[in-house]
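S.K.: Have a look at this one.
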Amino acid sequence: WEFMPTSMTAENWTRVSEFILLSFSSLPTEIQSLLFLTFLTIYLVTLMGNSLIILVTLADPMLHSPMYFFLRNLSFLEIGFNLVIVPKMLGTLIAQDTTISFTGCAAQMYFFFFFGVAECFLLATMAYDRYVAICSPLHYPVLMNQRTRAKLAAASWFPGFPVATIQTTWLFSFPFCATNKVNHFFCDSPPVLRLVCADTAQFEIYAIVGTILVVMIPCLLILCSYTRIAAAILKIPSAKGKHKAFSTCSSHLLVVSLFYVSSSLTYFRPKSNNSPESKKLLSLSYTVVTPMLNPIIYSLRNNEVKNALSRTFHKALALRSHIL
C-alpha cells in the first residue's frame with residue numbers, strides 16, 4: 001500500500017476549494033494528443049459495447065436467464081465506472097482543464113469506490129451463478145428464480161454504499177496542505193491522502209483492512225465456487241460435455257482475472273521506485289481498458305450472445321426495410 005501522507009504544522013494548513021489533477025501533464029503535447037484519441041476511442045467502444053449488451057440481453061427472450069441478468073448488471077456498472085473517470089481525464093488531455101472542485105473530487109472518489117466494490121461482489125455473485133448452473137443444473141431454475149437473483153444483485157451493489165461513504169467522508173474531513181495538486185488522472189485515495197496535513201494512521205489502517213476485506217471476501221467466494229465447478233466438470237464423462245461446461249465459465253474467468261490482476265498490481269504491490277507516470281498507466285488497466293474488454297470477451301466467447309446480436313441486427317434491418 002502506497003500511502004505517504006505529509007505531516008505539517010497547523011500554520012501551514014489551508015482550506016482547499018479545488019484540486020488540480022496533474023494527469024499526464026509531464027508528457028509532451030503530442031503524446032497527450034495521442035493518448036486523448038486512444039482513450040476517446042476506448043471510451044466510445046466501452047459505452048457502445050456495454051450498452052449493446054444491456055439492450056440485447058433485454059430484447060432477446062433467449063437471454064433472459066440469470067447469467068445474462070447479472071451480465072446486464074456488470075455492463076451497467078462498467079458504464080457508470082467509465083462515466084466517473086474518463087470524461088474528466090479526456091478534458092485534462094485535450095482542453096487542459098485540470099481543475100476539479102473539492103465537491104467534484106469527493107464525488108468522483110465516492111463513485112469510484114462504490115462501483116469498484118460493487119464489481120468485486122458482482123463478480124463473486126456471477127461465479128456463484130455458474131456454480132449452481134453446473135453443479136445443480138436440475139435445480140437451477142428454482143434456486144436462481146427472479147426473486148433470488150434480484151436479492152443477489154442487491155447484495156452485490158449494497159456494500160459499495162457504506163465503504164464509499166465512510167472512506168470518502170473520512171478522507172475529505174481532514175485538513176489539506178498548501179498544495180492542491182493531485183498527481184493522478186482522477187481523485188484516487190492514495191494521491192489525495194498525500195495532501196493531508198494530519199495524522200492519518202487510523203485512516204490508513206481502515207483503508208488497508210477495508211480494501212483487503214473487499215477484495216479477499218469476493219475472491220475467496222470465487223475460488224470456492226470454481227473449485228467446486230472444476231470438481232464437477234472433471235466428473236463429466238465425455239470430453240464434449242466437459243468443454244461445454246467449461247465454456248460457460250471461461251468468459252467470466254477471463255473477466256475476473258483481468259479485474260483482480262490489474263487492481264491487485266495497483267493497490268497491493270510494495271512501495272517501489274516506479275515513476276508516477278508508470279503508476280498512472282497501470283491504473284488505466286482497470287479503470288479504462290478492462291471495462292472495454294468485458295463486453296468484447298462476452299460477445300466473442302459466447303455463442304448465445306453472438307447469435308442474439310445477429311438476431312437483433314436482422315430484426316432491426318427488417319424493421320427499417322418495413323418502415324421505408
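Cβ atoms are placed via backbone N, Cα and C, with glycine included.
Per TrEMBL, the features are:
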| type | residues | note |
| --- | --- | --- |
| DOMAIN | 49-298 | domain 'G-protein coupled receptors family 1 profile' |
| TRANSMEM | 34-58 | transmembrane segment |
| TRANSMEM | 70-90 | transmembrane segment |
| TRANSMEM | 110-131 | transmembrane segment |
| TRANSMEM | 152-172 | transmembrane segment |
| TRANSMEM | 205-224 | transmembrane segment |
| TRANSMEM | 245-261 | transmembrane segment |
| TRANSMEM | 281-300 | transmembrane segment |
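Give me the lay of the land around each of these features.
M.R.: Distant neighbours of the transmembrane segment (70-90): 21, 23, 36, 39-40, 43, 46-47, 50-51, 53-54, 57-58, 100, 108, 111-112, 115-116, 118-119, 122-123, 125-126, 129, 149, 152-153, 156-157, 185-186, 255, 287-288, 291, 294-295, 298; these residues of the same chain sit at least 6 beyond its ends, with a Cβ under 8 Å from one of its Cβ atoms.
Residues 66-67, 70-71, 73-74, 77-78, 80-81, 84-85, 144, 149, 152-153, 155-157, 159-161, 163-165, 167-168, 186-189, 214-215, 217-219, 221-222, 225-226, 228-229, 248-249, 252, 255-256, 259, 263 of the same chain, all 6+ positions outside the transmembrane segment (110-131), place their C-beta atoms under 8 angstroms from a C-beta of that stretch.
Residues 1, 3, 117, 120-121, 123-124, 127-128, 159, 163, 166-167, 170, 189, 256, 260, 263-264, 267-268 of the same chain sit 6 or more residues outside the transmembrane segment (205-224) yet have a Cβ under 8 Å from a Cβ within it.
Sequence-distant contacts of the transmembrane segment (245-261) (same chain, six or more residues past either end, CB-CB distance under 8 Å): 67, 74, 119-120, 123, 126-127, 130, 133-134, 215, 219, 222, 226, 229, 232-233, 236, 285-286, 290, 293-294, 297-298, 301-302.
Beyond the ends of the transmembrane segment (281-300), by six or more residues, the same chain brings 39, 42-43, 45-46, 49-50, 52-53, 71, 74-75, 78-79, 81-82, 85-86, 89, 184-186, 188, 251, 254-255, 258-259, 262-263, 265-266, 306, 309 to within a C-beta distance below 8 angstroms of the stretch.
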